[in-house]
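As written in Swiss-Prot, here are the features:
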type	residues	note
BINDING	Ala11, Asp12, Ile13, Gly14, Gly15, Thr16	ATP binding site
Amino acid sequence: MNAPQAPVLVADIGGTNARFALANPTLTSAPLLNDSMREFAVIEFPSLGEAAQHYLHHIGIHTTKGVFAIAGHVDGDEARITNHPWVITRTRTATMLGFDTLHLINDFVAQAMAISVLGPQDVIQIGSAKWEQFPLSAATRNYGIIGPGTGLGVGGLVIRNGRCYPLETEGGHVSFPPSTPEEIRILEILSQQFGRVSNERLISGPGIVNIHRALSEIDGIDPGPLRPQDITMRAADGDIRATRTINLFCNIFGAITGDLVLIQGAWDGVFLTGGLVPKLLNSIQHSGFRQRFEHKGRFSAIMARIPSLAVIHPHPGLLGAAVYARDTEQVPQEIKA
């Protein structure tokens, strides 16, 4: 691997996996060094700093700069992963790694920044609305981004005259809005367990299990302990309840993605990312996702013109962190050690 003279360590840290790579901020169109990517289970390390040390030792590279995208809320010097017990302190981590500069950003800030360098080969169109390609330097665009994985990430990207401004949100934690009698019953069942039910309780890996458990309770069945992959495998084998679960997941996903467009004013398109999208892509394409996405009453005709695009780039979080490293001066809230 040929590393640049001053590489930046970029990381995409979720509730399950920690992904690391190197970025060359001098490269405009492709700042991520793809052959540098490594992935580790977060459970294998007591802290993010130790995971990063392991990566740098493994590849034999020294650097003093980093951009870490965290699947959780970033509050000044501290970031908490929503679905994992790691608490990340910027100054402590920077000192542990010997960094001069360390940026902590929300993972969907990174996902949003990646949009600016995605090409047609990196996305698959869902529905008939087409994505309008454009020269970034002349663009004025509003995009939404949503992605189910261990949790549900939501963000956006505003582009003005070639400058990219990511929108950091915790939109996965807004209340789930049921739209059918079946969804109302599911909400009632999940409310007994969780009290308040957010979109993330349904549209995520654990959400697949929650939907299946609720449908099983409606049918008077005890399904026993199941993992998300067990349910998707059963659906692939034709199991009726598992198939209902995946179809309902896709339909609700479409409905809340359409809501995101209306809330953010993401009139130029919405990007679907996260670990579940590639795995469920065929189901999303052949489900009621677009129907529920577009079915917004008096705005249905407008929604029909808005593209929804599944991101198939293998590492959009790392790519976006690399773009952030390249464009730090354009992004508010620079964090330095």
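The backbone N, Cα and C atoms fix where each Cβ goes, glycine too.
Location within the structure of each feature annotated in Swiss-Prot.
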| residue | record | Cβ neighbours (10 Å) |
| --- | --- | --- |
| Ala11 | ATP binding site | 23 |
| Asp12 | ATP binding site | 26 |
| Ile13 | ATP binding site | 27 |
| Gly14 | ATP binding site | 24 |
| Gly15 | ATP binding site | 19 |
| Thr16 | ATP binding site | 17 |
Ala11, Asp12, Ile13, Gly14, Gly15, Thr16 excluded, remaining Cβ within 8 Å of their centroid (ATP): Asn17, Ala18, Arg19, Val42, Ala69, Ile70, Ala71, Ile81, His84, Asp107, Gly317
